[in-house]
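Take a look at the structure set out below.
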Amino acid sequence: MRLPRRAALGLLPLLLLLPPAPEAAKKPTPCHRCRGLVDKFNQGMVDTAKKNFGGGNTAWEEKTLSKYESSEIRLLEILEGLCESSDFECNQMLEAQEEHLEAWWLQLKSEYPDLFEWFCVKTLKVCCSPGTYGPDCLACQGGSQRPCSGNGHCSGDGSRQGDGSCRCHMGYQGPLCTDCMDGYFSSLRNETHSICTACDESCKTCSGLTNRDCGECEVGWVLDEGACVDVDECAAEPPPCSAAQFCKNANGSYTCEECDSSCVGCTGEGPGNCKECISGYAREHGQCADVDECSLAEKTCVRKNENCYNTPGSYVCVCPDGFEETEDACVPPAEAEATEGESPTQLPSREDL
């Protein structure tokens, strides 16, 4: 019995072999698409393997389930569950490759139990076996069993792409990723394995884990009595930071931090480390504090009715709401109105004298 076809099936995997368009460079490669279909098929096998009839008749169940295990009915259930109805790309791929999947299920599964190897590598030829790469599935650098000596990634590993070169993990370098980068040392190396371990942070090169095993000190460190120790850049003369900053030493480096806004020069963070106080601030209890000019014995705002408001490092003089501001005073509303309503002063007439 043949399974119903969703569409006319081609023998060549045209869809999977089409190269991705330049504008769609991030789309899955043919190998990724094939692997995804196989992963879904394998999951379908797991899901349908759990199926049982729960009737309690063991002999009947064994006979029935045995037939179901390799039946076309089970295959159809797996195929029907591979793609969501909205997944156009998955459904299109399945239509193109359903005949291959049917042939493997009904005839070749026992001989080729690894569906990925048979379907994606040998039949469609869009993938390679792990540890191999390129159109001819050549072995990666270091061999297919341990590409890049286990310390890197082989370009094109498992696909028909790439050049087989190694992209080494952090700490490793060389064509086979067996050499250690600066900042790492070889803690194990034999014919099959190479392990690079990070040096102490003070070492540029090293032969062991401590700051006494450095071959060369990192920038910001200096050799002192056989060990690489931190250079205190903040103790240098002249100081490395500007007059409005203070220096903060760190392992192998330093930072320049801004002084508090109340300071003119400083030795550290906050108003308690000012060298001098900025105008509007004065030393109080060991730190620069704002001077409240409005509370001074000598009056700060001298115009009549004027209010004084303190601000950080300064003050402002303001007339109350509704008062008219003049050069000499803040005039209350009633006085201002009276002044505006007065007639000009007239000289007395001769008759009045």
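Just so you know, glycine gets a Cβ as well, placed from its N, Cα and C.
From Asn190, Asn251, the position flagged in Swiss-Prot as N-linked glycosylation site is Asn251.
The disulfide entry in Swiss-Prot for Cys166 points, among Cys140, Cys148, to Cys148.
In this structure, Cys168 (disulfide bond) is part of a beta strand by DSSP. Counting residues 6+ beyond its ends, the domain 'EGF-like 2' (290-331) has Cβ neighbours under 8 Å at 261-262, 278-282, 339 in the same chain. Here Cys154 (disulfide bond) is positioned 20 angstrom away from Cys34 (disulfide bond), judged by their C-alpha atoms.
If you take the C-beta of Cys168 (disulfide bond) and look for same-chain residues 6 or more apart in sequence within under 8 angstroms, you find Cys148, Asn151, Gly152, Gly174, Cys177. The shortest Cα-Cα distance between Cys308 (disulfide bond) and any of the recorded positions Cys31, Asn251, Cys263, Cys301 is the one to Cys301.
Within 10 Å of Cys294 (disulfide bond), counting CA to CA, the recorded positions Cys31, Asn251, Cys266, Cys319, Cys330 contribute nothing.
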